[in-house]
Protein chains: 2
Amino acid sequence: METIGALVLLLLAARVSGMLMERIFLPSAVGEMLAGMVLISIAQFAGPFRPFIEGLPDNAALRHVADLGIFFLLLMAGVEMQLSETVHDARKSFAVAVGGVVLPLGAGILLGFAFLEDGPQRTAQAMLIGVALSITAIAASAKILQEFGLLKSETGRVLITAALFDDIFGLFLLALLSSFIVSGELPGAYAFAIMLAKVVVFFAVTGVLGVHVYPRISKHIHRRQAAEIEFSALVIVALGYGFLAELLGLHWAVGAFMAGLFMERSRIGKQPYKSMRLMLNALTAGILGPLFFAWIGLQANLTAILEIPGFIALLIVVAFITKVLGGGLAAAATGYGRRDSAIIGIGLAPRGEIMIVVISIALAAGLIDGNSADPVAHHLFSALIVMALANTVLAPLVLRTLLR
Amino acid sequence: METIGALVLLLLAARVSGMLMERIFLPSAVGEMLAGMVLISIAQFAGPFRPFIEGLPDNAALRHVADLGIFFLLLMAGVEMQLSETVHDARKSFAVAVGGVVLPLGAGILLGFAFLEDGPQRTAQAMLIGVALSITAIAASAKILQEFGLLKSETGRVLITAALFDDIFGLFLLALLSSFIVSGELPGAYAFAIMLAKVVVFFAVTGVLGVHVYPRISKHIHRRQAAEIEFSALVIVALGYGFLAELLGLHWAVGAFMAGLFMERSRIGKQPYKSMRLMLNALTAGILGPLFFAWIGLQANLTAILEIPGFIALLIVVAFITKVLGGGLAAAATGYGRRDSAIIGIGLAPRGEIMIVVISIALAAGLIDGNSADPVAHHLFSALIVMALANTVLAPLVLRTLLR
């Protein structure tokens with residue numbers, strides 16, 4: 001009964017809050033996370049329901065549902081990414097993406113080393129901050145472009161393509177980071193080379209299967225004309241890739257993403273792709289996404305803002321400035337004017353979704369130690385979530401001021 | 001890694017085995033359950049993988065996925081049931097359904113009392129046998145009709161409608177049974193009246209909401225034209241009904257069924273209904289159904305056949321004969337000839353799906369004691385599964401012999 005009650009409460013709160021956010025041009029994930037954060041914050045005033053609400057973050061069934069959320073969110077992210085079709089002006093977009101990743105990544109790692117106390121997890125945690133800072137939230141960027149009527153413009157398309165490349169970098173970094181996490185310590189040069197080799201092997205194997213084997217199987221399936229066969233084939237491939245990832249010491253989540261990535265409209269046909277996307281969207285945007293983000297909100301602790309205000313403020317500012325500068329300068333270098341470069345840089349600033357998935361994986365793997373005596377390490381998860389929310393809200397505000 | 005490996009192994013084995021069964025006109029659930037049964041039976045020959053396979057039935061993540069399977073299978077069963085449209089010749093169908101329920105229900109209860117040793121769970125277990133015997137597997141009946149080209153015939157439609165009524169009786173009996181299970185013992189006349197009242201309250205409240213409130217909300221949602229909103233609204237309602245059921249001391253699963261039941265095509269519109277059904281079908285037939293039925297197969301123990309062969313043989317024969325006689329005689333009484341009555345009676349004999357869901361709920365609730373010294377109680381779960389498989393395979397064989 002507790003689990004049913006928890007699911008209906010979380011899903012309802014997350015959906016209502018998420019749809020309210022969409023009305024003010026913010027991604028629904030912002031509202032869904034806030035729903036979880038508010039719920040856990042008001043638990044002490046909930047009288048007889050206090051134990052119920054305070055037990056939510058540790059509910060095993062919810063944790064499994066959140067894992068399903070990670071799986072389908074990454075599968076969906078892969079499916080939505082139509083590399084061969086939507087990649088627009090790949091050279092420029094790639095340059096923007098690299099600029100928008102390298103600067104935040106480096107700044108995040110430096111910030112980690114400056115603020116985290118010395119310890120066995122310090123390097124991995126600093127890397128996590130860097131990775132978290134470097135992944136743009138595509139959905140939020142798209143919402144900003146939509147608000148300013150730029151979604152179909154040249155600038156808008158370069159921005160979205162750069163954000164897509166961002167996701168791929170992010171997943172690559174997650175693969176690397178997860179091999180850190182599994183091994184539990186900082187590797188030497190030799191061990192690091194082996195890890196890198198495993199990551200390359202994973203992407204090479206799944207890439208070759210995706211380009212050469214998967215289209216043939218899905219063509220065979222397509223002949224049978226049954227959506228449920230196609231859907232279960234996709235999930236089986238994603239699970240298989242996830243298993244391969246785990247065999248190589250990476251996290252299974254990267255497998256789900258790679259399986260989705262090669263479900264391309266041009267290969268499997270327009271109609272099967274459309275129905276697959278409809279189904280995945282209903283499942284992720286309708287149920288698993290809201291539950292996952294609300295569950296993430298439950299894990300966050302807003303008192304972190306009071307305990308390490310300086311670090312969080314710096315994190316937000318550094319995240320914003322490095323993304324705007326990195327993406328914006330790269331855009332300027334490839335020939336964009338000042339206004340378009342600013343739009344591209346600021347448009348890349350929102351963080352969320354894939355980045356939230358990455359830090360939730362780090363949390364589940366024990367990389368973020370909630371019992372640490374070091375206040376920054378102790379509150380790292382909450383700090384990164386506040387950073388993501390702040391940047392997602394900040395970017396459209398700054399852009400509005402700038403463009404008026 | 002174990003869970004990812006378990007999921008990919010189970011899903012792949014279940015899908016392949018299920019699709020093979022469909023080629024020989026048997027429901028895919030038969031193949032999916034067999035996949036689980038075979039897997040657990042060959043574990044001892046699996047060498048280094050033996051601990052992995054033998055650990056599958058106790059995997060907590062799999063159990064939660066199986067619970068999701070129950071939830072969506074019953075939601076789907078409710079959604080597929082287009083009471084106001086497909087109900088054909090309701091008077092005749094209802095008579096057939098009553099005949100096909102009362103006789104197996106009574107015979108099952110008697111069989112339970114005759115074979116189960118005296119104990120605190122004896123009455124509830126005998127009731128479980130009766131309920132299990134009384135629920136026809138619609139999908140299997142439809143497959144039989146399809147094989148003989150009778151799906152669109154008058155006989156076929158009466159048969160399917162009767163099987164639909166069967167499901168509703170079955171869910172009503174599950175609601176009653178689950179209140180037995182929750183209270184843990186056989187109630188007195190007064191307590192039984194209260195239980196019955198709770199069941200009636202549940203169906204009345206959800207029924208009134210379904211007829212008067214839900215259509216208005218879904219009309220409002222329909223205006224917003226987003227499949228994921230509709231999908232999450234349906235799931236929220238199902239969870240809410242499930243919560244209400246638990247509050248009343250019933251099992252949450254009946255809530256999922258009732259939520260689906262009032263998602264009628266005529267009320268919510270043809271296109272939303274179609275896309276909802278497509279999504280639910282992909283989710284249940286493609287992923288959650290196969291995983292659920294394979295997981296059920298893992299829980300079964302084929303050595304039961306060697307230990308209580310007499311009981312199992314009798315169970316199969318009684319299940320078959322009472323369903324054929326009950327449904328067939330009722331059909332004859334409403335004016336059908338001998339041939340059509342035989343088709344209707346035999347067509348009702350397959351068991352599975354909803355019946356499997358019911359006994360899995362009883363298993364999870366501890367009603368079936370795997371540690372009992374009484375061999376019949378000890379192997380009751382496996383015996384009922386073998387009964388379901390045997391009747392599902394038997395019915396089309398007998399009908400083929402009869403019609404040639």
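The chain as shown is numbered from 1 upward.
Note: Cβ is positioned from N, Cα and C throughout, glycine not excepted.
TrEMBL annotations: computationally assigned, not manually curated.
Just so it is clear, the model here is predicted, and its values are computed rather than measured.
Features reported for this protein in TrEMBL:
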DOMAIN    B:12-403  domain 'Cation/H+ exchanger transmembrane'
TRANSMEM  B:34-53  transmembrane segment
TRANSMEM  B:65-83  transmembrane segment
TRANSMEM  B:95-116  transmembrane segment
TRANSMEM  B:128-146  transmembrane segment
TRANSMEM  B:158-182  transmembrane segment
TRANSMEM  B:189-211  transmembrane segment
TRANSMEM  B:231-257  transmembrane segment
TRANSMEM  B:278-298  transmembrane segment
TRANSMEM  B:310-336  transmembrane segment
TRANSMEM  B:348-368  transmembrane segment
TRANSMEM  B:380-399  transmembrane segment
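Note: the stretches the transmembrane segment (B:278-298) and the transmembrane segment (B:95-116) are not in contact (fewer than 3 CB pairs below 8 A, sequence gap of 6 or more). Same-chain residues lying 6 or more positions outside the transmembrane segment (B:95-116) and placing a CB less than 8 Å from one of its CB atoms are 122, 125-134, 136, 158-159, 161-166, 169, 173, 311, 314-315, 318-319, 322-323, 325-331, 333-334, 344-345, 348, 374, 376-377. Contact check: the transmembrane segment (B:65-83) against the transmembrane segment (B:310-336) gives fewer than three Cβ pairs closer than 8 Å, residues 6 or more apart, which falls short of the contact criterion. Same-chain residues lying 6+ beyond the ends of the transmembrane segment (B:231-257) with a Cβ under 8 Å from its Cβ atoms: 70-72, 74-75, 77-78, 171, 174-175, 178-179, 181-183, 195, 198-199, 201-202, 205-206, 214, 217-218, 221, 263, 276, 279, 357, 361, 365.
Here the transmembrane segment (B:348-368) sits apart from the transmembrane segment (B:189-211); fewer than 3 CB pairs are under 8 Å, leaving out pairs fewer than 6 apart in sequence. Beyond the ends of the transmembrane segment (B:158-182), by six or more residues, the same chain brings 74, 77, 81, 83, 86-90, 92-94, 96-98, 100-101, 105, 124, 127-128, 131, 134-138, 141-142, 145, 151, 195-196, 198-199, 202-203, 245, 248-251, 253-254, 257-258, 327, 331, 343-344, 347-348, 354-355, 358, 361-362, 365-367 to within a C-beta distance below 8 angstroms of the stretch.
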